[in-house]
Amino acid sequence: MAAAAAADEAATRDVQRLLVQFQDEGGQLLGSPFDVPVDITPDKLQLVCNALLAQEDPLPLAFYVHDAEIVSSLGRTLESQAVETEKVLDIIYQPQAIFRVRAVTRCTSSLEGHSEAVISVAFSPTGKYLASGSGDTTVRFWDLSTETPHFTCQGHRHWVLSISWSPDGKKLASGCKNGQILLWDPSTGKQVGRALTGHSKWITALSWEPLHANPECRYVASSSKDGSVRVWDTTAGRCERTLTGHAQSVTCLRWGGDGLLYSASQDRTIKVWRAHDGVLCRTLQGHGHWVNTMALSTDYALRTGAFEPAEASVNAQDLRGSLQELKERALSRYNLVRGQGPERLVSGSDDFTLFLWSPAEDKKPLARMTGHQALINQVVFSPDSRVIASASFDKSIKLWDGRTGKYLASLRGHVAAVYQIAWSADSRLLVSGSSDSTLKVWDVKAQKLSTDLPGHADEVYAVDWSPDGQRVASGGKDKCLRIWRR
């Protein structure tokens, strides 16, 4: 009734009308076609759509026609897109994050302690802990309630190049320049188990088995400049299997949610492996130079596991519940972002291009994304998987449609290479760190700069946004770790 009433109320005015049909992102139709005035606003569409969905609590929704969001009215969007309106017009509806992350605006702590550059920073899955890896060979944990140093972890004998949290937040893996991997307990700062050795050159990336696949968080995969990928049993402290096939250094690695491992290399290829036995499924080819970076559409759900950012409290907690409960929560969060189709993968290269793939299904790319004028440093899917952001040496960040790879916008403001980017948990904001020594926070929907954050004395190598939305952490050449809040 409410749907009919909202449509009828608009019908009393003498306005051009259109026949429209709602459908979700997967193409599932909602209700039957109905006619609306051409000047209908998103608020009115929201009333009609929520009535058709029969939700107890109305959902915040966004509406799209041919990939363009309806911002002021349907008519305005149609004019800008020059859309044919003779037949039924499909309007795609998408639920939006119910919670909001506010932009960080100021540096609340400048934490000294590292004696060389900070190479990586990473918040734990709930945002309770912050870890950093440095050229001074140490890993450090920082106390976020007091924003002070907590533990200094010594054990590596060379630069710590890569760090990665287990999705239950109970272990941190770190990899260094001499090929060694160590595991740490964030609550004590002590090393867990023995060093994992076997790689002959430095560690380029670490990726844990997803929580919904194994709530014990027992297995971690590593990639190395030696061209191999290894899967480790962290409980037994041994290498479970070695995946070989790349002809050059493996630059990045992802452990996907559907039982696949993805590795990208300087040999210009991405290889897709079956995680449980190491069988090579397919090789993705297309890049004309080194593949530097890749991301999965499900990365954020995999990283945060059973943690739901919408339920975050002011003081981050550990995850509670039995292993089975955590596994089920992680699986439902993964399935929600994965949607109907398999997870998508985006890769970025020294050849200035990105490719979008559906690696579980096909070795042909879904899209080739061009526009950057220099090599691509990092690429990241938004937590809701709808937008891809890429950071480049051309000083820009570009936004792309997460389903089609279509170009959306360029974010300009940095005056030197953009090294790293991180999304807020609600997918509305993006923070970037640059060689120009600044961080910048961007409003993704408005496609403009929200806040400029100077403060570092030199290049910013690493940046992360806590999954609870409270803080941004950054580190770089000035050896200083900075925490930013709203």
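Numbering starts at 1 and runs along the chain as displayed.
Every residue gets a Cβ built from N, Cα and C, even glycine.
Summarising the annotation, Swiss-Prot assigns phosphoserine to S80 and lists similarity to another entry as the type of evidence. DSSP assigns S80 (phosphoserine) to a helix in the three-state reduction. There are 11 other Cβ atoms within 10 Å of the Cβ belonging to S80 (phosphoserine).
The region 'Ubiquitin-like (UBL) domain' annotation in Swiss-Prot covers 15-97. Mapped onto DSSP classes, the region 'Ubiquitin-like (UBL) domain' (15-97) shows 20 helix, 30 strand, 33 coil.
For the repeat 'WD 1' (113-152), the list of distant contacts is 158-165, 167-169, 172, 174, 176, 182, 184, 186, 188-189, 303-305, 307, 312, 315-319, 461-471, 473-481, 483: same-chain residues at least six beyond its ends, Cβ to Cβ under 8 Å. Residues annotated as repeat 'WD 1' in Swiss-Prot: 113-152.
The repeat 'WD 2' feature in Swiss-Prot is assigned to 155-194. Per-residue pLDDT, averaged across the repeat 'WD 2' (155-194), gives 96.
According to Swiss-Prot, the repeat 'WD 3' annotation covers 198-242, on the basis of sequence analysis. Counting only same-chain residues 6+ beyond the ends of the repeat 'WD 3' (198-242), those with a CB under 8 A from a CB of the stretch are 158, 161-168, 170-171, 173-181, 183, 192, 248-257, 259, 261, 263, 265, 273, 275, 277-278, 302, 305-306, 323-324, 326-328, 330-331, 334.
Summarising the annotation, Swiss-Prot assigns repeat 'WD 4' to 245-283 and lists sequence analysis as the type of evidence. Secondary structure by DSSP for the repeat 'WD 4' (245-283): 0 helix, 21 strand, 18 coil.
Positions annotated as repeat 'WD 5' by Swiss-Prot, on the basis of sequence analysis: 326-367. Outside the repeat 'WD 5' (326-367), and at least 6 residues removed from its termini, the chain residues within Cβ reach (under 8 Å) are 25-26, 167-168, 210-212, 215, 254, 256-258, 260, 262, 264, 268, 270, 272, 282-298, 300-302, 304-306, 308, 319, 373-379, 381, 383-385, 388, 390, 392, 394, 400, 402-406.
Taken from Swiss-Prot, the feature repeat 'WD 6' applies to 371-410. Secondary structure of the repeat 'WD 6' (371-410) per DSSP (helix as H, G, I; strand as E, B; remaining residues coil): 0 helix, 21 strand, 19 coil.
Sequence annotations record features per position, and here Swiss-Prot assigns repeat 'WD 7' to 413-452. For the repeat 'WD 7' (413-452), the DSSP counts in helix, strand and coil order read 0 helix, 22 strand, 18 coil.
Residue counts for the repeat 'WD 8' (455-486) by DSSP state, with H, G and I taken as helix and E and B as strand, are 0 helix, 16 strand, 16 coil. What Swiss-Prot records for 455-486 is repeat 'WD 8'.
Distant neighbours of the repeat 'WD 4' (245-283): 201, 204-210, 212-213, 221-229, 231, 289-296, 298-299, 301-302, 334, 338, 342-343, 345, 347, 349, 357, 359-360, 363; these residues of the same chain sit at least 6 beyond its ends, with a Cβ under 8 Å from one of its Cβ atoms. Within its own chain, the repeat 'WD 2' (155-194) is flanked in space by residues 116, 119-120, 122-126, 128-129, 131-135, 137-139, 141, 200-208, 210-211, 215, 217, 220, 222, 224, 226, 232, 234-235, 237, 302-307, 318-319, 326, 330, which lie at least six positions past its ends and keep a Cβ under 8 Å from the stretch.
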